[in-house]
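Marked as carbamoyl phosphate binding site by Swiss-Prot: 66, 67, 116, 144, 147, 272, 273. Marked as L-aspartate binding site by Swiss-Prot on the basis of sequence analysis: 94, 177, 231.
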């Protein structure tokens, strides 16, 4: 599939647990591999053998459509045997702890486990207890590294660079693992990152991550090269974070009028799923500046790249 990693800098990590701890070079290695994976995915014959004979387990404790199916497709395109573990019908629903689940899965001798869990840090716990490689597919409000990678890839392919760009991340920053991972990755790659949202949806001390903070969306969008919208994660809210959805859209929903404040060639992105009419207007989501559908294609390529990179650390890999 790809050129042997020995001919270029190799990804030095056995797991992908987050963007935190990765260098700009680590990120670039994965993005470059993903560029090659895009070409593979666009061929008639998409099947490769990098993971032939290997077992990939998708262990999702939270519902997912895009991420789980993307990892499944990525694994199959690399030749892996892919098992999707349904938590709804598993021992977890019968009271089994995460540690017990980890020990059970480890006894099956998988090569890579992809995990999504509602608890921040759960993926790190599991990685300490298993012998295989572990990929974080989202842990609580902590991180979502492959989403950040596919967003960076989308930006780089459209703009030709990331360094020096102004990226405005707008919406529910407080509950968003996507926001955290994107802040870490884009900052490491040289972008200027802004976060925009009401005070109730901005984490305390977010400035310490090196971002510019705006509570006025119009002010925050001025001169932006990339506008990245986030959905309201109402399933993680237990109080009155916003007065109403109508008021939220009025002040923080991306419509054509607000988008006009960004650069004329600004790109619009969204990790999905979208709430049309809440954080983004349909005319913007489906408009010429939108790269939302392209992000989905980049997701498969990035996850192929991650699995390929980790395969170099598997026994006899």
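Just so it is clear, glycine is given a Cβ too, placed from its N, Cα and C backbone atoms.
Features per Swiss-Prot, on structure.
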{"residue": "66", "record": "carbamoyl phosphate binding site", "Cβ within 10 Å": "15"}
{"residue": "67", "record": "carbamoyl phosphate binding site", "Cβ within 10 Å": "22"}
{"residue": "116", "record": "carbamoyl phosphate binding site", "Cβ within 10 Å": "25"}
{"residue": "144", "record": "carbamoyl phosphate binding site", "Cβ within 10 Å": "27"}
{"residue": "147", "record": "carbamoyl phosphate binding site", "Cβ within 10 Å": "28"}
{"residue": "177", "record": "L-aspartate binding site", "Cβ within 10 Å": "23"}
{"residue": "231", "record": "L-aspartate binding site", "Cβ within 10 Å": "19"}
{"residue": "272", "record": "carbamoyl phosphate binding site", "Cβ within 10 Å": "16"}
{"residue": "273", "record": "carbamoyl phosphate binding site", "Cβ within 10 Å": "9"}
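Maximum C-alpha to C-alpha distance over the listed carbamoyl phosphate-binding residues 66, 67, 116, 144, 147, 272, 273 is 16 Å.
Each residue in 64, 65, 137, 138, 178, 271, 299 lies on the same chain as 66, 67, 116, 144, 147, 272, 273 and has a C-beta within 8 Å of the C-beta centroid of that carbamoyl phosphate site, without being one of the site residues. Across the structure, residue 231 (L-aspartate binding site) and residue 273 (carbamoyl phosphate binding site) place their CA atoms 7 angstrom apart.
Reduced to three states, the DSSP call for residue 272 (carbamoyl phosphate binding site) is coil. The binding-site residues close to residue 177 (L-aspartate binding site), defined as a CA atom within 10 A of its CA, are 144 out of 116, 144, 272, 273. Residue 144 (carbamoyl phosphate binding site) falls outside any helix or strand according to DSSP and counts as coil.
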